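Peer 1: I am attaching a structure below and will ask some questions about it afterwards.
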Amino acid sequence: MILEVDLGNTRCKWRLLGSGAPVCGVVETASLRRGVPPETWPAFPVTRVRAANVAGVEAAEGLANVVKALGWGRVEFARVERLCAGVTCGYRDLSRLGVDRWLAVLGAHRHFARPCLVADCGSAVTLDLLGAGGRHLGGYIVPGLALMRRALFRDTDAVKVPDTVEPGMSLVAGRDTDEAVNRGLVLMVLGAIEEAMKTLAAEAPSPLLVVTGGDGPILASLAEHATELVPDLVLDGLALSNP
């Protein structure tokens with residue numbers, strides 16, 4: 001059985017592949033940093049572990065220690081390559097591209113084989129442009145919804161409102177501060193997506209918006225473009241990077 005791990009800054013998504021339906025779960029990355037695995041892992045007969053890590057050296061070492069303690073051998077960490085699975089990386093310096101972004105692009109290309117804007121909506125929102133023929137054209141990074149909310153709350157005294165962001169929410173002008181903040185945050189991210197889509201459309205007409213990440217369902221439900229929501233896009237790309 002193969003254990004796939006997506007180590008994010010806050011959360012770690014994992015997927016177990018075997019002869020039946022995949023088994024999936026989520027754990028706090030902080031737990032793995034401390035060397036504490038999910039309760040279900042010790043029961044799995046894992047023969048191989050492959051992982052994407054953007055959470056730093058400590059998280060990688062924590063995962064490696066957990067895997068070793070469970071007797072599963074070593075972790076195969078994905079890395080960015082100039083060419084992989086039909087996609088050519090557009091970054092000048094490969095080491096500067098987050099591996100999660102790269103894997104999401106690989107996954108989108110395999111799923112849809114057409115020009116795409118790949119939006120990974122987590123702590124940050126990354127927007128990667130994938131042109132015709134699998135050409136990665138670069139991308140943008142903007143703060144995610146939770147990060148913007150924390151920044152707003154930290155530097156303002158009166159603006160402390162509950163998080164009421166949800167899929168399909170109204171985006172008309174807010175009639176109170178709660179609505180104004182929550183709708184404004186979403187509009188900021190949607191605006192970035194819109195501008196990135198315009199940039200990509202100038203290179204490749206009629207691109208598809210491919211959305212993943214924790215806030216993906218919210219933003220996918222409100223986008224005004226042809227949109228596909230793929231929750232495990234990074235893990236799908238991991239299977240291509242480390243087959």
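Each Cβ is built from the backbone N, Cα and C atoms, and glycine gets one as well.
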Peer 1: Considering the ATP binding residues Asp6, Leu7, Gly8, Asn9, Thr10, Arg11, Cys12, Lys13 given in TrEMBL, which of Ser95, Ser123, Ser170 is annotated for that site as well?
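Peer 2: Checking Ser95, Ser123, Ser170 against TrEMBL: the ATP site match is Ser123.
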Peer 1: Using all protein chains in view, find how many other C-beta atoms are within 10 Å of the C-beta of Thr10 (ATP binding site).
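Peer 2: Its Cβ shell of radius 10 Å holds 13 other Cβ atoms.
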Peer 1: Could you name the residues, excluding Asp6, Leu7, Gly8, Asn9, Thr10, Arg11, Cys12, Lys13, Ser123, of the same chain that surround the ATP site, i.e. Cβ within 8 Å of the Cβ centre of those residues, in sequence order?
Peer 2: Thr29, Val54, Ala55, Gly122
Peer 1: Including all protein chains displayed, how many Cβ atoms other than that of Arg101 (substrate binding site) lie within 10 Å of its Cβ?
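Peer 2: Around the Cβ of Arg101 (substrate binding site), 25 other Cβ atoms lie within 10 Å.
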Peer 1: Kindly assign Asp6 (ATP binding site) to one of the three DSSP-derived states: helix, strand or coil.
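Peer 2: Reduced to three states, the DSSP call for Asp6 (ATP binding site) is strand.
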